[in-house]
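Notes follow the structure.
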Amino acid sequence: MASWIPCLCGSAPCLLCRCCPSGNNSTVTRLIYAFFMLLGVAIACIMLMPGMEGHLKKIPGFCHVNCDVLVGYKAVYRVCFGMAMFFLLFSLIMVKVKSSQDPRAAVHNGFWFFKFAAATAITVGAFFIPEGPFTTVWFYIGMAAAFCFILIQLVLLIDFAHSWNESWVEKMEEGNSRCWYAALLSATAINYALSLMSLVLFYVYYTHSDGCTENKVFISINMLLCVGVSVMSILPKIQESQPRSGLLQSSIVTLYTMYLTWSAMTNEPDRRCNPSLLGIIGLNSTTPAGQDRVVQWWDAQGIVGLILFLMCVLYSSIRNSSNAQVNKLTLTSDESALIEDGPAPDNFEMGDGSKHAVDNEKDGVTYSYSFFHFMLFLASLYIMMTLTNWYSPDSSYETMTSKWPSVWVKITSSWICISLYVWTLVAPLVLINRDFD
């Protein structure tokens, strides 16, 4: 244990050198911060588990009214507040760090014990914030931040779709074309099949002949938009300017748009137009129609949101995009691959054969430290909204209800998703003097 003490104050690779292959310092650091984030998510999930109400009620002044309904909800807000403030603080501290020679880079890449202690202290202190308007104000801040994080998800999703298509097309052109063509076709067909199945289920369970007009409009508009972008992606003009544009990217965007549509409808205030998953499969048919649901992190929409969040954070940590425009937006260079081949001067072995990671940022950082922490700040609030199903307490703080702003945030993000993808298709035709290779 004594040999680990220096590692608690040292650089990120020191913590992982015994279990990780030699890699880049920049990537190992981001993975540790991602672990910090996932640890916070796990704690927030525990706050919503049955039986936690009794323990949380013991915190002085934490809950005064209807604790059985609100205490888990408020605990998630406090945990995510602690995470968000930790990452926001580091985002401000790390502004304009240019290389690992900057003294602030040592703080970013090391001192893990003290950073963990600081994050813990902020989170614990958040439980003693007087209630007042805190929960309501933090709900609207969280909703705005979650919307911004969804936009980052959209950019990463479109980048992933293009990278996936380019990778498989290259392998198809290099050899064994039938195998890779079949894989490409199968992936595209599965995505569209899932999207079509989702459409059918939406019309069956989230609409009624005598109501749910908003849901009908949302589903129909997004269906038409998805059909439109799919046709657009294979038009001769588009193919001429972007030969590798195809239906795989469109199918991924279509499937994600269906998810956002479903996510928006699960926040519909009218319970008739917003059945729970258990209600759909017939496991809670005895629940009164007007009864409000209890916030549970294992709600279907929450589980899918958590999976997408995990994929987004990990992808942003290890991504090595070939898209220069995405790199500029996320302030990342293409030198941030998870593991690079070839020897490096700073890659040395310890006495027991374990390796340190390569300090690949002496001449310049491979990603913006400040933006990375800001993205985790947004992610903390996105998780807060996801775990509480975007619900907010009513004026009397007695029940939790869905509200229309949450619906519009999500449905608007689906339209922005399609707009971003359309722009990637038409940009080479509009900006003819720019190189989009």
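Using N, Cα and C of the backbone, Cβ positions are placed for all residues, glycine too.
As recorded in TrEMBL:
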TRANSMEM  31-52  transmembrane segment
TRANSMEM  75-95  transmembrane segment
TRANSMEM  107-129  transmembrane segment
TRANSMEM  135-158  transmembrane segment
TRANSMEM  179-205  transmembrane segment
TRANSMEM  217-235  transmembrane segment
TRANSMEM  300-318  transmembrane segment
TRANSMEM  371-391  transmembrane segment
TRANSMEM  411-432  transmembrane segment
Could you check whether the transmembrane segment (31-52) and the transmembrane segment (135-158) come into contact, where contact means at least 3 Cβ pairs under 8 Å with the two residues of each pair 6 or more apart in sequence?
no
Might you confirm whether the transmembrane segment (411-432) is in contact with the transmembrane segment (217-235), defined here as three or more C-beta pairs under 8 A between residues 6 or more apart in sequence?
yes
Outside the transmembrane segment (411-432), six or more residues from its ends: residues with CB under 8 Å to it:
147, 150-151, 154-155, 157-158, 162, 218, 222, 225-226, 229, 232-233, 237-238, 241-242, 245, 249-250, 253, 256-257, 260-261, 264
Pairs of Cβ atoms less than 8 Å apart decide it: which stretch in 75-95, 107-129, 135-158 has the most with the transmembrane segment (371-391)?
75-95
Taking residues 6+ outside the transmembrane segment (75-95), which of them lie with a CB under 8 Å of any CB in it?
36-37, 40, 43-44, 47-48, 52, 56, 104, 107-108, 115, 118-120, 122-127, 129, 134-135, 138-139, 142, 145, 295, 369-371, 373-374, 376-377, 380-381, 383-384, 387-388
